[in-house]
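What Swiss-Prot says about this one:
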BINDING   Cys16, Cys18, Cys38, Cys41  Zn(2+) binding site
Amino acid sequence: MKQGIHPNYHEVNVTCSCGNKFATKSAMEKENFNIEVCSLCHPFYTGTQKIVDTTGRVDKFNNKFGNLFKR
């Protein structure tokens with residue numbers, strides 16, 4: 001490898017908004033890095049995904065405006 005062309009690869013402390021902290025290696029110049037979502041609080045990994053129920057909205061729309069579009 002050529003000397004002096006590669007970035008400095010060092011340990012970075014990552015802090016999530018949920019309070020989770022972990023260390024990883026990166027070429028970032030910062031020693032500390034803040035993130036908003038990690039695997040402990042992301043809905044995909046926690047299984048707390050919100051499913052939007054649009055069925056009630058469609059029924060409400062059809063009840064309100066259904067007669068306008070019938071021929």
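The backbone N, Cα and C atoms fix where each Cβ goes, and this holds for glycine too.
Its Cβ taken as reference, Cys38 (Zn(2+) binding site) is surrounded by 17 other Cβ atoms within 10 Å in the chains shown. Across the binding-site residues listed here (Cys18, Cys41), the residue whose Cβ sits among the most other Cβ atoms within 10 Å is Cys41. Listed in sequence order, the residues of the same chain lying 6 or more apart from Cys16 (Zn(2+) binding site) and placing their CB within less than 8 Å of its CB are Asn34, Ile35, Glu36, Val37, Cys38, Leu40, Cys41. Annotated Zn(2+) site Cys16, Cys18, Cys38, Cys41; additional same-chain residues within 8 Å of its Cβ mean position, judged by their own Cβ, are Ser17, Gly19, Asn20, Ile35, Glu36, Val37, Ser39, Leu40, His42.
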